Amino acid sequence: MTSRPVPGPAGFRRARALLAAIAVAVGLVLAVAAPASAHATLEGSAPAANDIVSRAPSQVTLTFDEAVGVSADSIRVFDPNGDRVDDGSTKATSDPDVIEIGLRSGLGYGTYTVAWHVISADSHPVEGAFVFSVGTASATKVNENTINVKSSTAVGFFYGALRWLGYLGYALLFGGFAFLAVCWPGGASDRRSFRLLAIGWTASLASAIGVLVVQGAYAGELPLGSALDTSVLSGTLGTRFGQAVVARLLLLALAAPLLAATLNRLPNATARGRTYFVAVIGFLGVLGAATWAAADHASTGIQVPIAVFSDLVHLTAMGLWLGGLAMLLLVVCRPATDSTRDLATAVTSVQRFSRLALACVGALVASGIYQTWRNVGSWAALSNTPYGRMVVLKIGGLCILAGLGWMARDWIRRTVEHTGRVAVAQAQRMEPAGLLAKLRRSVALEAVVALVILGISSILVESQPGRTVEAAQTGPTNVTLDYNTGTASGTITIYVGPGTEGQNQTHLYLNDAKGLPYTAAELTVQFTLPAEKVGPLNATVIRDGPGHYVDQPLTLSFPGTWTMSVTIRSDDFDETTLNVPVKISP
């Protein structure tokens, strides 16, 4: 067989120069946007949340803890009847952290609801709402259906699918090349390996172009047709996310010839040459992971430098493990030639890959623990937030994958001699072809689980971290519920604020079935905290106007989710009790 040349000193120098050029080019693009300090969080407003002002304001101003992207409808203001009273044009100010919207003149007394929707520095949509009152607080017809923005299902589906495709492409390309360099150098001459790597490169390219186009519509919760609008596209290119994706496209273009040369020389490379190729592939893999970490959850929030490093470790370990698994599937599914030789090749590859996978599992566990603490924030958020539940699913999937890998490794250890020669166990009476078939089924099952894990990972990237969700959930409780005592029915609006540990005050607004203020025969309020076995605490409630009841400030001395029980009695015999969860933060 003709020996292929391996890189000499000049070849090494040229490759190093190309690597340096790639690193500088990608680094310059990623460095354009400065890191943000946190996910977009509303820090203040004018009027302030739950404030009662004497005169109607002419505008509403919101202040965030970072620069945010806005659209015309980023701020919407509703009157007590649920009608919009803003001028429909949200404006950015000279301060990139502050946005504002004008209000119509002649606003009456009552409670007004402000709903906001902005794009955070990590290019995720963030939204929230609060109330303020003019003159006096009142009941409001505004509910979740009124303030929620109805985003396009098609945009969300395509965006999620493109993110999944991107993770898959990264794993196939980076993990596949690493597997060839470390576990199966001879496989570099296998046309199936080339096709798998080409699929990885193409998937990465298609994903990068796709998310660059769809991101604007996704973040702005716009229709799918607006994705090709030039103003939307230019807005995406001006964000950190857009610049990171451009860097990924640049990396794919510049790295393609270098990776092709590596694939051509790898089968006959010396030990020193293979070490060099491993370093090149690892360097490019880390650069690729950086284009993800620079614009996702790790780039915002607390401890950004540590979080970005952890994300790099997590992504590279995931790519090595899952991409290597895909290449291992090619090893065990080779066209039948010499069963004994094929089994020996498969066993050697599995043994080498097992050591690599073990290191990846360790890296995933270490980085995963940190990311879970940073992004979830509390044990409760693991079950109370969509992000937390997806983290639990991902942990479960990784445990299953690790378990399947361990069983395959243990089976090989028991079936193959320590010398690496195939030991066809007489007790099992299995031919090499049968052993290969069993190994093939095990690896195929692992590959299916890996695809599911990649899907969960793409959903996690789209989701708002549990820590951010919990922070957004703090504040006053303001809900409207239906009641029916049997002889009286209508709605009751309940406000408990400020929603923090210490003194809180309750306002209740009763309306009858016609929407008019209703005076109950008796109205009582109790608070209990089952987790701490506190209560019931009786609130002293007095009538403060037609249908309006208020209690004397009550001290809720423990953080947690309290249960507020409101009993409405319409006569001597008929009453109903409503239970409302009230979240009290530290």
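The backbone N, Cα and C atoms fix where each Cβ goes, and this holds for glycine too.
No curator has checked TrEMBL annotations; they are predicted automatically.
Between the stretches 11-28, 353-370, 443-460, TrEMBL puts its transmembrane segment entry on 353-370. Same-chain residues lying 6+ beyond the ends of the transmembrane segment (164-184) with a Cβ under 8 Å from its Cβ atoms: 193, 196-197, 199-208, 210-211, 259, 262-263, 266, 274, 277-278, 281-282, 284-285, 288-289, 292, 315-316, 318-328, 331, 345, 349, 352-353, 356, 450-451, 454-455, 457-458. Listed by sequence, the residues of this chain that lie at least six past the ends of the transmembrane segment (390-408) yet keep a Cβ under 8 A from its Cβ atoms are 321, 350, 354, 357, 361, 364, 368, 372, 375-376, 382-383, 439, 442-443, 445-446, 449-450, 452-453, 456-457, 459-460, 463, 466.
Comparison of 196-220, 315-333, 353-370 by number of C-beta pairs under 8 angstroms to the transmembrane segment (275-295) places 315-333 first.
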